[in-house]
Ligand SMILES: O=C(O)COP(=O)(O)O
Ligand SMILES: [Mg+2]
């Protein structure tokens, strides 16, 4: 059998992107007269990509959003977010050590994020993380995205892996639902932006620091 595949979510799992997401969102919506959001509200906004984040911001402010305003906000968000990259975004403690450890154990590593690729690649590159991964798929890589299991399955296929030989590490119900639907074992992290208590996501294991993500844990979750 080929080497085990470990698939990582990005926002709230590999990288703490919260300050920049909120800053760029506030920059995008300010010209429309919407009051700014703070970091504590991120879990209500993030998870399904930037477009959904903008729609959720308007819904939370009980403000109608027409197509033209939506496009203007999306454009402002993207330009601002990219220009500042990596801004204040940083890998969570122990991220790089965990990636190196799993790589050294012979595992294949992938990213499966709902963030669009034009934002995903420069973020991972600017943080020096991109080269760790054999495959990176974003919210615009397929016709579907997490929580649709086909986003995870498409990532596995590109990596030449098999669902029964893969583990998904994520912070939200999107990740755990997509992976579970694809027949992939799961690890939930407690430090991300879940919209409900992490213990209720139904993950195979929950970790609160990347030091806990060992080759032995992956092997155990794969039932070896
Ligand atoms: O961009 C988002 O809203 C979520 O991205 P993620 O899938 O990496 O958590
Ligand atoms: Mg996430």
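In case you wondered, yes, glycine gets a Cβ from its N, Cα and C as well.
According to TrEMBL, the features are:
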ACT_SITE  9  active site, nucleophile
BINDING   9, 11, 171  Mg(2+) binding site
Can you count the other CB atoms that lie within 10 A of the CB of residue 11 (Mg(2+) binding site)?
27
Residue 9 (active site, nucleophile) and residue 171 (Mg(2+) binding site), Cα-Cα, nearest whole angstrom:
7
Quick check: with 9, 11, 171 left out, which same-chain residues have Cβ atoms within 8 Å of the centroid of the Mg(2+) site Cβ atoms?
10, 12, 13, 14, 47, 113, 170, 172, 175, 189, 192, 193
What are the non-local neighbours of residue 9 (active site, nucleophile), defined as same-chain residues 6+ apart in sequence with CB under 8 A from its CB?
111, 112, 113, 146, 168, 169, 170, 171, 172, 174, 175, 192
